[in-house]
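**Q** Pasting a structure below so you can have a look.
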Amino acid sequence: MFEQKSKSLPPVLPKHIGIIMDGNGRWATKRGLPRTAGHKQGAKTFGDITAYVRDLGIPYITAYAFSTENWKRPKDEVDAIMNLLREYLKDAYRFEKENVRVHFLGDPAPLDRDLQEMMADITEKSRNNTGITVNIALNYGGRAEIVEAARRLVQDVRSGLLREEDITEEALSARLYTAGQPDPDLIIRPSGEHRSSNFLLWQSAYAEFIYMDVLWPDFKPEHLDKALWEYAARNRRFGGI
Ligand code: FPP
């Protein structure tokens, strides 16, 4: 947490916010639109909220864009989400000059080749930017991430890079997709669902969860302000008293 100077905002802000962008399908169905229209509006909301979070000076945001389980959805819906990502990535090249660092959490291997290439390229080009870090969780699962980190630990012990007695929480954290980043302090899930759905399982050990009834495409800066006030009012004890 760090001190925030604006009068209209709470005195303490999280350093890292995680967002589970839920409710896109319901938003569209309520309007008699195809579910994909909800994802389109959801992607726009993500852009708007990221800009707002950056303007507040919050240095990290992670959005759950596509889980390892989302492949079970109908092909046309998966394709539509991938196309929205494609559009987002094309636009993300401007971040290089806007001091935004873009990073992806998840296994890119099953994604289309052009998406993988753009993801690697944008990550590399924005790597040294010092403004907000935008993490996009894509083909991401928290359990899979921990398994992958465990595999890396084994490899590093086998190759002599790491001694078995040096396997610590820090050593595992350093092998997650979020290596080097602070854990999320606040995770927001809109749409009325109260689950973590395999999102940042390790990293959210001490995160504050805030569940809101608004559907993600309707999520506005005012909703974020409300969550920030609630977050600031909570008493984080990290297991102490
Ligand atoms: C969950 O809502 C949302 C998703 C599985 C996809 C989220 C993807 C985007 C917002 C677009 C691409 C992202 C970026 C970063 C450009 P749901 O479909 O499960 O909603 P429902 O519970 O109402 O059915």
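Just so it is clear, glycine is given a Cβ too, placed from its N, Cα and C backbone atoms.
In TrEMBL, annotation is done automatically, which means it is predicted and not curated.
The annotation Mg(2+) binding site is assigned in TrEMBL to ASP22, GLU208. Under the heading active site, TrEMBL lists ASP22. According to TrEMBL, the feature substrate binding site maps to 23-27, ARG35, HIS39, 67-69, TRP71, ARG73, ARG189, 195-197. Feature annotation from TrEMBL assigns active site, proton acceptor to ASN70.
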**Q** For TRP71 (substrate binding site), which residues of its chain lie six or more apart in sequence with Cβ-Cβ distance below 8 Å?
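**A** Result: VAL78, PRO110.
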**Q** Here are the binding-site residues: ASP22, GLU208. Which has the lowest count of other Cβ atoms within 10 Å?
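**A** So among ASP22, GLU208, the binding-site residues given, the one with the fewest Cβ atoms within 10 Å is GLU208.
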**Q** Per 10 Å Cβ neighbour count, which of the binding-site residues GLY23, GLY25 ranks highest?
**A** GLY23
**Q** Among the recorded positions ASP22, ASN70, GLU208, which ones place their C-alpha within 10 angstroms of the C-alpha of ARG189 (substrate binding site)?
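**A** Within 10 Å of ARG189 (substrate binding site): ASP22.
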**Q** Helix, strand or coil for GLY25 (substrate binding site)? Use DSSP.
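**A** Assignment for GLY25 (substrate binding site) reads helix.
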**Q** If the criterion is a C-beta within less than 6 angstroms of any ligand 1 atom, which of the binding-site residues ASP22, GLY23, THR68, ARG189 pass it? List them in sequence order.
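**A** Checking each Cβ against ligand 1, the ones under 6 Å are ASP22, GLY23.
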**Q** My understanding is the cutoff is Cβ-Cβ under 8 Å with a sequence separation of 6 or more in the same chain; which residues meet that for SER196 (substrate binding site)?
**A** ILE20, GLY142, ILE187, ARG189, SER204, PHE209
**Q** Would you kindly give the Cα-Cα distance separating ASN70 (active site, proton acceptor) and GLY23 (substrate binding site), rounded to the nearest Å?
**A** 14
**Q** Measure from the CA atom of THR68 (substrate binding site) to the CA atom of GLU208 (Mg(2+) binding site) and give the result in Å, rounded to a whole number.
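**A** Between the alpha carbons of GLU208 (Mg(2+) binding site) and THR68 (substrate binding site) there are 24 Å.
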**Q** Look at the recorded positions THR68, ASN70 and tell me which residue has the greatest number of other C-beta atoms within 10 angstroms of its C-beta.
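**A** The most densely surrounded of these recorded positions is THR68.
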